[in-house]
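Input: a single structure, listed below in structure tokens.
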Amino acid sequence: HKLSVAPEMDIMEYCRKEWRGNTPAAIRMRKGYEAVAQKFASIRRVRGDNYCALRATLFQALSQATQLPSWLQSEDFTMLSQNLLSKYDWIKQWQLKQKLDRKMGEISDEIKDDLILLRKKWKSISEIKCPIEKQEACEKLFKNEEEEYSLYEALKFLMLNTAIDLYNADKSGRTVPVFSWLLFARDTSSDPCQLMHNHLNHIGHSGGLEQVEMFLLAYALQYTIQVYRLYKYSTDEFITFYPNDPEKNWPVVTLITEDDRHYNVPVRMCEETAV
């Protein structure tokens, strides 16, 4: 089994290997990596398919999880697919992992299984006290393709659920975060149904996450996603937070990107910054 998240490597060694030469881009990347190396000692490469934003975020969240998030504990969490399908007929068009033409009952059951798996894995990994054992459990999970891709289905469905909540909140005059307006201001996603058809159904298949969907992922998980965007080094967008006004009690995961398309994960906070 191919590990979806490669073993760790010294961050500057990785940078020197990837960015030789003296083009302006290479110099900027090296400076960006030097800045990340002030905080993190190592990097782990994340498999570069269209799931990589979900993969990097989930890997980081699980590898530092110490408890089950409250939204994963709720009674009706596993009933989410039934509840949404009973209200929104168009969710029947949800595309399950590379499989088309599913019946409504099957979609509901399969997503329910994915959500149950997400809760089970998160619970078991968060209960492991020893950091080395926790890391081993994460690696084992990210070597199991069948389970790994089921977890991404669960995350995508949670993103859809969050989008529906935000859309309904806005329509009923409640305050919503700014990214929610941007999400539904796109020609291709003016409502949750379009968002599903034109974006969420394609994630992992023919496309990855766009910037505005990184906000949606952060809200779905109730995590702050901090991203070092290396090509933006020396601008105020070098370190971007999704959301940019995070809730105080949300845990933070950190990713690295060179181009806003592919994400890797920094690991091992340097001792002095971890204090």
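Each Cβ is built from the backbone N, Cα and C atoms, and glycine gets one as well.
Now, the feature entries from TrEMBL:
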ACT_SITE  D49  active site
ACT_SITE  C52  active site, nucleophile
SITE      E237  site 'Linear diubiquitin binding'
ACT_SITE  H262  active site
Are there any residues in the same chain, six or more apart in sequence, whose C-beta is under 8 angstroms from the C-beta of H262 (active site), and if so which?
V46, G48, C52, G208
Among all protein chains shown, how many Cβ atoms are found within 10 Å of the Cβ of E237 (site 'Linear diubiquitin binding'), not counting that one?
11
Rounding to whole Å, the Cα atoms of E237 (site 'Linear diubiquitin binding') and D49 (active site) are apart by 25
Sequence gap of 6 or more, Cβ distance under 8 Å: name the residues on the same chain that satisfy this around D49 (active site), in order along the sequence.
G204
